[in-house]
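Q: This is the structure I want to talk about, given as structure tokens.
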Amino acid sequence: MATDTASELRERVPLHKNPLQVVQDRRVEQQQEDGEEGELGFRQHMLAGSLAGIVEHVAMFPVDTLKTRIQMITSPCGGSGATAAATVGSSSTISRSLVSLLKHEGPLGLYRGVGAMVLGAGPSHAVYFAAYEECKRRFEVDGGGGGGYHPIAHMSAGACATIASDAVSTPMDVVKQRLQLKNSPYAGLGDCVRKIARSEGLRGFYASYRTTVVMNVPFTGVHFATYEAAKKALGELQGGGGGVGGMSEEHLVTHVVAGGSAGALASAVTTPLDVVKTRLQCQGVCGAERFSSSSVLEVARTIASHEGVGALFKGMMPRILFHTPAAAISWATYEAGKSFLQRWNG
């Protein structure tokens, strides 16, 4: 009887397995239950997203500075009269702004405000990508199972991600924009933060939050839907996984091409909203126009009535030039970070 009992126990309890093997088996089971993305947790998505945001914005910061200068061209913080007279968003406007900046401020002028950007981009992109991955997973399940292309799920996940991340990034984005201005009255990051807090309070840091969300919700909706669609199309090119040059969904070139396409389209269609956001963030600085309301429509009407409808498209070319490579860099860095962390987990 005792012998039989011991045999039964041995069958039930795998005593021949060491503890490490048991842990490894459990990890494999958990990964199978969670699927491919289950290898990464929320914090690891935040880490990969933070890295992607910093790399993207540092690489493209000079273009962002030119875009801000062009959008503020009618104020004393903008450019010269010759620059203002140039066609909105034309290559001549960009080249004149660049030459003027380098002549009067030197190469370091292109990176004025980069410290504020780094402080904001890391945490905001961490929230951005982590929230997107979590929402996408949940929305895809609700919409009929994971995997494949679910545009409504991807657009909804992008909208949720930007609402969360903009709450983190807007204060530092305000500081960055003001430091980027020509003849900026601020000595540096700390001086800018202190003066905004003293003269405008917390509201000054969030003056453009509503506009930023209104702009970024359609931006991220178009961006993520285009990215996922382009990634799927490239992955299926020439018969799926093989593709041209082995262009599967997880190939680096796929992320670069899909990300760049998404960034170009999304930045072009949301330029008027970005102009409104920039004007709100920089209102009152060294003579820039102040607005009585932070309403997007009201500010847009004011700009159009004072400067013409074309003013709402100022900076479109540098905006596209910024977001196309920026999105490609961001997605490639993010996916590379995810791959590294997945191998680390293994």
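Each residue, glycine too, has its Cβ placed from N, Cα and C.
The feature repeat 'Solcar' is assigned by TrEMBL to 40-138, 149-233, 250-340.
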Q: Please work out the helix, strand and coil residue numbers for the repeat 'Solcar' (40-138) from the DSSP assignment.
A: 80 helix, 0 strand, 19 coil
Q: If you run through the repeat 'Solcar' (250-340) with DSSP, how many residues end up as helix, strand and coil?
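A: Looking at the repeat 'Solcar' (250-340) with DSSP, the answer is 75 helix, 0 strand, 16 coil.
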